[in-house]
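A.B. asks: Handing you a structure now.
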Amino acid sequence: MLYLRTGLPGAGKTLNAIREIDLEHQADPNDPERRLHRDPDHPDLPPRTIYYYGIPDLKLDRLKSRWVEFDTPEKWYDLPDGSVIVIDEAQRVFGNDGTRARPEKVTRFETHRHQGLDIHLITQHPSLLSTPVRKLVGKHINFIRPYGREKGIFRHEYEFCIDNPEKRANFKQASEERVTLDKAYFGVYKSSTVHTHKPTSPGYLKKIPLLVGIVLAALGGLAFGIYQVVHSAESEKQVLRAKSDQAVDSSAPSARNVQSATGEVARAESSSSTSKRLATRQDYIEDRSPRVPDLVASAPRYDELSKPRDFPRPVCAASSDPNLVDRAADRHFPVGIHDKKLMTCQCYTQQATRMKTTFEFCMDVVVNGYFDDTRLSPQYATGNSTRGVTTSPSPDPAAAIRRGRAATSPPQEYVSDNRNLIIGMPASEPMPWKR
């Protein structure tokens, strides 16, 4: 077979060629008349002689096979049948000479198998060889050595000659293997008079410290911004408290009735009791210990700050989609039968948090809606407008119009195209978030 071994200078093509060929054809130490790596179909074949050309100062005593140098590469076909032939810098012998003539050294490649020859041509790139030689290559091995490293050299093996083996688009046609420069074969031949091939690092590795610095700077800026926002909010709270205390102190004595006096007494008593209650270390801990586990706001010290500002209003959604019904149990959604259909139903608050309800209550809200008696009744305006709605004495007409229209609307329903989803909610409530 005609082998082509390519690779840029310093890629390790010659060293790996010597190593692979030497190990493949070495004799068995226990039976020198046979090969160590035997062919299962022909186990009794003798070791093969390797004839080489173009490899300077090859140290034969360090090799495992029988290597013989020859000096007539143009007449390689005159070597004994069954030989292995290695020609380094093959472009000097089989390069493009600018003519269409086909000398015998090229045409004999067409019938080299008749002599049982295996020929290895080593060169930097396939384009350096003549076209007829490239067309007869039976196996092409290309070496790529990224960034000059000794480990992780890519060995790409093709079943025919690839004109541009360095292109990534051709890698998918190759049988890829990662090899190293075997130190046992260092110094076996003279590769160059001066070694200038030094390992380098990829460009992106050099940018990693800069990227790390940018990320750390961004995180530091973000932390500083959060601190400034929190500090500003605390400052505003302190200013508001100071203004409130000042307004109380400057109020006229006539405006203070019995109730305010009672409040002052109560606050004084509360302050006194608080100071007494926090007199010991245990009192201090109890003042900060939540009454309800995992709910920090339930600690006694937050009682004055945790007064309710709103209450939950249900917004319920139901679906008969089999996929949603199957997942309802895992998500702890209520499931039941409605209109002879297996359905799941879940209610949410206006803050898009889940409410724990029964299936029947949820479906009732979906079907009939939910009446919120905490909302003001609309008063329709008189005059030329037929759509105007006001809620006296609301200072914001636009908000009053929106509330009036929503309050007079029927319970809303929404049916999707493919989910059979039905949503029921109080008037003017937004759609729940998709969970």
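Glycine too: its Cβ is placed from the backbone N, Cα and C atoms.
It should be emphasised that the depicted structure is a prediction, and the values quoted were computed from it without experimental measurement.
Marked as region 'Disordered' by TrEMBL: 24-43, 244-284, 381-419. TrEMBL lists 75-195 with the feature domain 'Zona occludens toxin N-terminal'. Feature annotation from TrEMBL assigns transmembrane segment to 208-230. Marked as compositional bias 'Polar residues' by TrEMBL: 247-262, 381-393, 409-419.
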A.B. asks: Residue counts in helix (H, G, I), strand (E, B) and coil for the region 'Disordered' (24-43), per DSSP?
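C.D. replies: Computed counts for the region 'Disordered' (24-43) are 1 helix, 9 strand, 10 coil.
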A.B. asks: Within the domain 'Zona occludens toxin N-terminal' (75-195), count helix residues (DSSP H, G, I), strand residues (E, B) and coil residues, in that order.
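C.D. replies: Tallying H, G and I as helix, E and B as strand, the rest coil: 40 helix, 29 strand, 52 coil.
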A.B. asks: What average pLDDT is reported by the model for the domain 'Zona occludens toxin N-terminal' (75-195)?
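C.D. replies: Mean model confidence (pLDDT) across the domain 'Zona occludens toxin N-terminal' (75-195) is 90.
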